[in-house]
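*Asks:* The structure under discussion is supplied below as structure tokens; questions concerning it will follow.
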Amino acid sequence: MVKALLVGSKVLVPSIDESRYLYSNGFYGKPIGISKPKGPKDIVRPLELSLIESVYLTKKGLINVVDKNGDLLEYKKLYEYSAMKINKFEILYKVYEDLREKGFIVRSGVKYGADFAVYTLGPGLEHAPYVVIAVDIDEEITPHELLSFGRVSHSTKKRLVLALVDRKSEGIRYIMFKWVKM
């Protein structure tokens with residue numbers, strides 16, 4: 001079991017071997033100080049995991065997260081902690097977990113103005129073909145918001161996907177947009 005340390009809103013994997021293992025088995029995390037690793041051989045520094053990744057990996061039984069006191073954070077406790085730290089965590093986590101379970105590689109999409117950048121092969125092997133924005137299905141989206149979502153995805157040649165999360169049924173509907181010139 002990989003040992004990880006909770007530090008604020010990040011989780012660190014100090015062991016290089018364990019960092020390499022996580023990265024090579026799903027492209028989890030980012031090595032500290034290495035902006036674009038090409039593969040597991042480039043993982044020569046500790047790995048930094050997001051809270052969303054950490055909750056997922058804890059649920060899958062792949063990592064043990066401990067706090068600054070050395071106390072183990074079980075899945076439920078880490079989930080609750082993350083929900084306090086991250087706005088709309090429940091919705092983001094549902095989408096992250098669903099996409100991972102479907103076999104996609106899911107990374108932060110902040111630099112694209114989205115919640116997630118989604119890969120079929122992985123970072124370093126391809127450019128992310130999709131950007132995903134997670135939305136509560138009951139939340140209204142204005143036409144202006146929709147256009148702003150699409151602006152970045154269009155300029156970076158990525159497909160925009162809205163993930164509509166229904167909290168009642170726990171289902172997720174995905175809508176992909178294709179922008180055309182007229």
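Using the three backbone atoms N, Cα and C, a Cβ is placed for every residue, glycine included.
Quick paste from Swiss-Prot:
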- Tyr119: active site (ACT_SITE)
- His127: active site (ACT_SITE)
- Lys158: active site (ACT_SITE)
*Asks:* Whole-number Å distance between the CA of Tyr119 (active site) and the CA of His127 (active site)?
*Replies:* 7
*Asks:* How far is it from His127 (active site) to Lys158 (active site), counting Cα to Cα, in Å?
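*Replies:* Lys158 (active site) has its Cα 9 Å from the Cα of His127 (active site).
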*Asks:* Is His127 (active site) helix, strand or coil when read with DSSP?
*Replies:* coil
*Asks:* Judged by the number of other CB atoms within 10 angstroms, which among His127, Lys158 is the least packed of the active-site residues?
*Replies:* His127
*Asks:* Have a look around Tyr119 (active site) and count the other CB atoms within 10 A of its CB, chains all included.
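*Replies:* For Tyr119 (active site), the count of other Cβ atoms within 10 Å is 19.
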*Asks:* Can you see whether DSSP assigns Tyr119 (active site) to helix, strand or coil?
*Replies:* strand
